[in-house]
Each structure stands twice: as C-alpha cells, then as structure tokens.
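Only one structure is covered here, and it is reproduced in the block below.
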Ligand code: HEC
Ligand code: HEC
C-alpha cells in the first residue's frame with residue numbers, strides 16, 4: 001500500500017504562500033557577518049558593498065539592519081525565485097545557498113534598527129495627510145493605518161511586517177510601483193499589494209516626511 005507523501009516544502013510554499021515559513025536553520029550570525037563583509041561561497045557579492053558596512057543603507061540601497069530575520073530571509077527567497085524583481089539583487093540572492101540566506105538574514109536582524117517605537121498623537125486634521133495615513137489610515141479607500149501593521153513609529157512587527165519608519169521616500173515609492181506593476185509579490189495574504197494600489201506618490205512623500213519628523217536624524221534623509 002502506498003503512503004501519500006507530504007508535499008515537499010517548496011511546493012507547499014507555492015500553494016500557500018501566506019503560510020510559507022522557511023525551515024528553522026540553526027542560523028549562524030557569525031557566518032552571516034562574513035557573508036555580509038566578504039560575500040558567499042557560491043559567488044554572492046559582499047552585501048556591505050551596496051547596503052553599507054553596517055547594513056545602514058545608502059541613497060541607492062535600502063537599509064537591512066534590524067529588520068526581522070524572517071522578513072529578510074523571505075525577501076532573499078523571493079529575489080532568488082523571481083517573485084521580487086530587482087536586476088542588481090536577484091543574482092546575489094540566487095548565489096546564496098539556503099543556509100547562507102538564513103545566516104545573513106540572522107546577522108542583519110542582530111544589528112540595531114536606527115529608529116525607536118513611538119506612538120504618535122492621533123491627528124485631528126486631514127491636512128496632515130502623512131500623520132493621518134500612518135496613525136489613522138484612509139478607511140474610505142480601505143487603507144488601515146500603516147501603524148496597525150508596521151507598528152508604532154513604523155518599527156516593524158514580528159516576522160511578517162517590516163520596519164518602514166526609516167525608509168527613504170524614494171525606496172518606498174519603488175516598492176509601491178513594484179506592487180502596482182506586479183514585479184514584487186506582496187507577501188503575507190497579499191496585504192500590502194492591495195494597499196499599494198491606492199497610495200499616490202504624494203501619499204508616500206507625506207508618509208516619509210511624517211516618519212522623518214517623528215524620528216529626526218535617525219530616519220532616512222535621502
Ligand atoms: C550590487 C548591489 C547589491 C548587492 C551587492 C547586494 N544587494 Fe541587496 N539590494 C540591492 C538593491 C538595489 C535592493 C533593492 C531592490 C528593490 O528595489 O526591490 C536590495 C534589496 C535587498 C533586500 C530587501 C530589503 C527590504 O527592505 O525588503 C534584502 C533582504 C537584501 N537586498 C539583502 C542582500 C544581501 C543579504 C546581500 C549580500 C549577499 C545583498 N543584498 C547584496 C542591491 C544589492
Ligand atoms: C494590513 C497590513 C498592512 C498595512 C495596513 C500596511 N502595510 Fe505595508 N506591508 C505589509 C506587509 C505584510 C509587508 C511585507 C510585504 C512582503 O513581505 O513582501 C509590507 C511592506 C511594506 C513596505 C516594504 C518595506 C521594505 O523594506 O521593502 C513598505 C514601503 C510599506 N509596507 C509601506 C506601507 C505604508 C506607507 C502603509 C500605510 C499607508 C502600509 N505599508 C500599511 C502590510 C501592511
């Protein structure tokens with residue numbers, strides 16, 4: 001009698017992305033630090049050459065320090081599989097073994113996020129569009145407050161909701177565009193994909209400016 005086989009992990013992931021969590025490697029932070037500084041065993045470039053020597057990011061490359069390991073690892077799998085398109089990043093993700101992805105994600109997660117959790121006062125006037133979107137949302141468009149998912153001050157929540165309070169408006173906008181043109185898969189339950197459809201470039205400018213005001217010099221200024 002044949003026993004039905006459990007689907008391989010990858011297939012389960014394809015079928016049910018929202019429930020897709022990668023196997024718990026015993027991630028090695030020190031090995032991850034070496035990949036960040038020197039590159040991977042299969043030719044992945046040193047992450048630091050683009051993302052900064054401490055994962056702080058630059059004007060052209062997003063910061064990685066202090067994001068959750070689960071989020072970072074998922075992005076690396078998405079780049080490698082072409083679910084998130086980025087010509088400079090895809091070959092580097094493809095050149096990392098799964099263990100290296102987990103190690104380097106654990107390393108960046110161990111670094112300090114440059115911003116701290118802050119509960120903003122509830123805005124009273126809608127002309128503060130950035131504050132309104134972050135703290136209250138825009139329910140007539142079905143947009144919950146960014147803070148509901150991304151946490152107070154945009155510092156991130158758990159493995160699924162990345163920190164956004166320190167991201168530059170330019171990087172945020174490229175991601176919103178990527179969801180709009182379907183070159184970035186939206187991750188858990190597609191939540192961010194449908195929100196992105198309703199965010200205008202002005203909304204993104206306003207949100208980034210609000211976070212910058214909340215966090216001062218710790219937030220992205222570029
Ligand atoms: C040649 C430059 C370059 C190198 C080297 C590079 N990256 Fe990237 N990385 C990028 C760019 C550009 C993006 C933004 C892509 C986009 O717009 O979606 C990015 C995005 C990312 C993201 C997504 C961040 C987020 O907030 O969603 C992760 C994770 C990441 N890189 C990890 C790494 C790791 C780990 C390495 C080293 C193995 C590495 N990168 C090396 C250019 C690079
Ligand atoms: C219902 C929950 C939810 C709400 C509300 C929400 N987001 Fe997100 N957001 C997510 C999830 C989940 C992700 C991660 C997507 C992925 O894994 O690819 C994300 C990712 C992002 C990213 C990409 C971060 C990176 O490092 O690449 C940006 C930028 C972003 N959200 C901006 C916003 C803004 C601005 C708002 C408010 C207007 C908002 N989000 C509201 C769930 C939400």
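Glycine is treated like the rest: Cβ placed from N, Cα and C.
Curation plays no part in TrEMBL annotations; they are all automatic predictions.
In TrEMBL this protein carries:
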BINDING   47, 50, 51, 89  heme c 1 binding site
BINDING   146, 149, 150, 192  heme c 2 binding site
DOMAIN    27-112  domain 'Cytochrome c'
DOMAIN    123-215  domain 'Cytochrome c'
SIGNAL    1-26  signal peptide
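Across 47, 50, 51, 89, which the record gives as binding heme c 1, the greatest C-alpha separation is 11 Å. When secondary structure is read from DSSP and collapsed to three states, residue 149 (heme c 2 binding site) falls in the helix class. In this structure, the C-alpha atom of residue 192 (heme c 2 binding site) lies 24 angstrom from that of residue 51 (heme c 1 binding site). Under DSSP, residue 192 (heme c 2 binding site) is assigned to a helix (H, G or I) in the three-state scheme. Our reading of the heme c 2 binding annotation (146, 149, 150, 192) yields a largest Cα to Cα distance of 11 angstrom. Each of 144, 147, 148, 154, 161, 164, 191, 195 belongs to the same chain as 146, 149, 150, 192, is absent from that list, and has a C-beta within 8 angstroms of the C-beta centroid marking the heme c 2 site. Residues near residue 146 (heme c 2 binding site) in space but far in sequence (CB under 8 A, at least 6 apart, same chain), listed by position: 133, 134, 137, 154, 164, 207.
In this structure, the C-alpha atom of residue 51 (heme c 1 binding site) lies 22 angstrom from that of residue 150 (heme c 2 binding site). Proximity of residue 150 (heme c 2 binding site) to non-local residues of its own chain (separation of 6 or more, Cβ distance below 8 Å) is seen for 156, 157, 161, 162, 163, 164, 165, given in sequence order.
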